[in-house]
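Features reported for this protein in TrEMBL:
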- A:21-42: transmembrane segment (TRANSMEM)
- A:102-123: transmembrane segment (TRANSMEM)
- A:128-147: transmembrane segment (TRANSMEM)
- A:167-192: transmembrane segment (TRANSMEM)
- A:213-234: transmembrane segment (TRANSMEM)
- A:240-262: transmembrane segment (TRANSMEM)
- A:269-289: transmembrane segment (TRANSMEM)
- A:295-312: transmembrane segment (TRANSMEM)
Amino acid sequence: MSVARGSLYRTVQRTRNRGLTGLYLLVAALLVAYVSLFPGVLSLAGFSRFTQNWFPLALVTMAQALLMLNGGISLSIGPLVSLGAVIAATTMSGPLGVPGGIVLVAVTGLGVGAVFGTIVALFRLPAIIVTLAGSFIVGGVALLVLPKPGGMVPAWFSDALAGQYPTAFLLLLLVIVGWKVFMATPTGLGLYAAGDNPLGAFRSGVRVERVRIVAFALSGLLTVLAGLFVAAQTGSGDPVIGAPMTLNSIAGAVLGGVGFLGGRGTMRGALAGSLLLAAMINVMFFLGFPPVAQYVAQGLIIVAAVAVPELLSRRQRA
Amino acid sequence: MNRSLVTRVAAHPWVLTLVLVALVWIVAGFTLRGFGSWGHLRYLLELSAVIGIVAAGQTLVVIAGGIDLSVGAVMTVSAILLPLLSPADDPTGLAGIGATLAIATGIGILNGAGAAYLRVPPIIMTLAMATFLQGLLIIVAGGSAVSVSNPAVIWLGSARPLGLPAGVILWILVSAATLYALHRTPFGARLMAIGANPIASRLSGLAVDRASVRLYSASGFLAGVAGILLLGMNRQGYAGIGDPYLLSSIAAVVLGGTSILGGRGTYAGTVPGAILLVTSTALITVVNASPGWRSIMFGSLILALLLVSGREARR
């Protein structure tokens, strides 16, 4: 390995990119194929449309990766997306208006996440079960808020978020900057540390419980914001619209090389994974695959994405 | 005296689950009209049998430190494929059952091979398998409901030899076999060891890979049995018929005091866990709440039960 040429920062970043080269190449190849199949994506409207399909997936993948890096997992991503969508659709056209609706959605996400995190951290229950039980509760609340698809998001707000301008892409950049800033704080670093080795992190002064609760709260925030965006995209709310998001969020994070046991993986990998998934879904949609064939392909691709690097690394060791 | 009783109960979380079921049945039997009738209790047991059988495989997998998220999909596959695989000229219907169970077991073997030889984490392997099956099924079966005419399956879903529903008798047999396999055979001991510490097990010369292939094939087989039983009770198979049973199977395992982290647990807890789950769902239905409230109550109930019984020991 070459010795650090630039700053320490660059060296660290290079190390963190290691193992992701294959993924980046795959994503690049898929995007090239995509552009050659549908040159329209290069126009402003086409680019906006494509990033709008990617945006909610990117948000929930980040929400899932955030927890997985901390050694947790959430099976309530889907219902929480739905909850964000129905709250947005029922409040924004009411007296609270759009700003009030956004605040209410954000507070709900932070609150639900914090409650899950508190139960996991303080009562020492496994995250997978708490969020599994929680998915019923959150899904039920979404049904109470809006029993049938309906509600409304003001048209100007839909146009601003999911119109012909790439607002979604700019928002995603903003979220990524936010993640970078968060990773520069002690809590952000503690997130990785507590995921990799909770006891070691605790002995080094990381407040493991608090970090876990913060991780769940932030994850909840990202998830409901994805729901808010979906509501703006469709112009209305649907209490079960988030259902496929749970699997997709896990798939995106795993494709991006984020490990289940905590502390392994990077957010850039997870984002690349979600982009891969989004491009894949788009391509299959445009090629006229029936939605069910997408399931088959998705299942195969996820297994391959995990198995191939593992088999390659085993061959290298042997 | 009192304290030692509490300590003893805490040492066996499944006793707590059993006591809870008894308590719920007694209270509900006295307060709700018709709850305590034999017909109703028999119906609850029949519903529990489906969850109990699929949760038997899940218990084994969880004890060995894994998780099987494909059981719902395997049940659906079995329920839809069975009518297609039953030859019309077979008066017993056993050929169709055999073929279906072979496929369910095969799916389990694939899960196990993926987890063991490709090193795909079980949660991903089985989740991807579920997604894969979901798509494949609609391509193969076209997404319409199929009715069953297989005599053996109809018998299983409706007959009452000895006054007990055939499904419940099947559940008793499965329970006996599972408890025996788990606590009285080397295979069961291996599962506990792998769940407690896979690396130590491997270093001790245990064939971990082979054990997990057998493990997931058992889970696939049992999910297939549960799917066939469900089909017999329902008389119709359709896409999504097995979906609710994934969460129920995991909840039953955890309510029964089996550690989700593996290495510790027993099927003796999953049995009352399954009954508790079905009973509380039935009670929630009695309250006549909207689907939203029902879902909230179901989730809160599981969470509350977990806070009481499912707490992981501090390490």
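Yeah, the Cβs are placed from backbone N, Cα and C, and that goes for glycine too.
Where the annotation comes from TrEMBL, it is an automatic prediction and has not been curated.
Within its own chain, the transmembrane segment (A:269-289) has Cβ neighbours under 8 Å at 20, 23-24, 26-27, 30-31, 33-34, 37-38, 50, 53-54, 57-58, 61-62, 64-65, 176, 248, 251-258, 297-298, 301, counting only residues six or more beyond its boundaries.
Tertiary proximity for the transmembrane segment (A:295-312) is limited to same-chain residues at least six positions away from its ends with a CB under 8 Å from its CB atoms, namely 19, 22, 251, 254-255, 257, 277, 280-281, 284, 289. Long-range contacts of the transmembrane segment (A:128-147) within the same chain: residues 73-76, 78-80, 82-83, 86-87, 89-90, 112, 116, 119-120, 237-240, 246, each at least 6 residues beyond the stretch ends and with a Cβ under 8 Å from a Cβ of the stretch.
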